[in-house]
Amino acid sequence: MWQIGSVFFVAALSNVRSWPFDSISFDDSDDGVVMPDLSYLGERIFRKPSLETGRLLENWDHTSEMNPEEMGEYAEGDIVFPKTARNGLVTESARWPNGEVPYQIDGFFDSDSLGNIKKAISIYHKYTCLKFRKRTASDNDYISIVNSNTGCWSSVGRIGGKQEVNLQSPSCVTRVGTPIHELMHAVGFLHEQNRYERDDYVTIAWQNIRSGHENNFDKADDAKTTGYGVPYDFRSVMHYSGKAFSVNGKPTIIPKDSSKAEKMGQREGFSKGDLTKINKMYNCPEKTDEVTGNNNNIPDSNNNASENKENNSNPLVEAAQGFLGWLFHKK
Ligand SMILES: [Zn+2]
């Protein structure tokens, strides 16, 4: 259903009018091989982990106005494909069959970091039908969660074989939202603010973007993108923060509706729209019935607000926690 036509659709990066945005649709005409066309990302898609990214992230803390994954020198900040990909820049990607995502944690994470990774996975399990399960010897395609490289990054969708999700610690794992974000790339989604129709919702302040990073704001090709009926979503965990890649501390993304500004770039958890998109991509039964309210309200990842002490200084978190009482029908 979400394969439209016979070409590839990159959804997450941008999106489509009636199909707003961010998932990738795939062409699986070639005996199950699925290939999203991400060629518009150019050579950056093969960029090697950089020392500069590591340095920036070492200086990052949770009070930053940017998210750690927005500090990488990769395509759109945090998208990486292995150089072994076939056919030049057109790389293979795919959904995970039956929504099963074999993974193993190969990095050495401290217990807090590991806790946030596992919490991210448990949130996927609670709100989607995706099944992250420990990789077995018979799983050729799997995610390896590491922290041996610089940056927070993932490739997009299943690319075949081992694929890494790098979470430089502690910066990428101080909040559950960044593991959620990177895993959402790994299951097939790109960034929200690069939906092709984003100019209807935000203004990109090009003059404030760090030189050389303008491509991070490229809109996806609408012919290659698709969405799942979810309107442009400022609350998406895949949306950049307002000052992503800013050279001067001024906003790079300005909502046309100023009331949306504070909602952009949250990394506390999925938005309802995120969940709808994942569940449609994977043909999951909608599991967000327990989430009420409008699309702008996030099902906060911290179902137990007391678990979130670390981020209490963040007004976003406080607002999100304030919604918890009526957002959730606790099981
Ligand atoms: Zn990202």
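Every residue, even glycine, has its Cβ placed from backbone N, Cα and C.
Features of the protein shown, as given by TrEMBL:
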ACT_SITE  Glu182  active site
BINDING   His181, His185, His191  Zn(2+) binding site
DISULFID  Cys129-Cys284  disulfide bond
DOMAIN    87-285  domain 'Peptidase M12A'
REGION    286-312  region 'Disordered'
SIGNAL    1-18  signal peptide
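Positions of the features from TrEMBL, shown on the structure.
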residue : record              : DSSP (3 states)
Cys129  : disulfide bond      : coil
His181  : Zn(2+) binding site : helix
His191  : Zn(2+) binding site : coil
Cys284  : disulfide bond      : coil
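Cα spacing between Cys129 (disulfide bond) and His185 (Zn(2+) binding site): 16 Å, rounded to the nearest whole number. In this structure, the C-alpha atom of His185 (Zn(2+) binding site) lies 18 angstrom from that of Cys284 (disulfide bond). In this view, the residue listed as 'active site' is surrounded by 26 other Cβ atoms within 10 Å of its Cβ, with every protein chain counted. Cys284 (disulfide bond) and His181 (Zn(2+) binding site) are 19 Å apart (CA-CA, integer value). Between the CA atoms of Cys284 (disulfide bond) and Glu182 (active site) there is a gap of 20 Å, rounded to the nearest whole number. Mean model confidence of the domain 'Peptidase M12A' (87-285) amounts to 89 (pLDDT, 0 to 100 scale).
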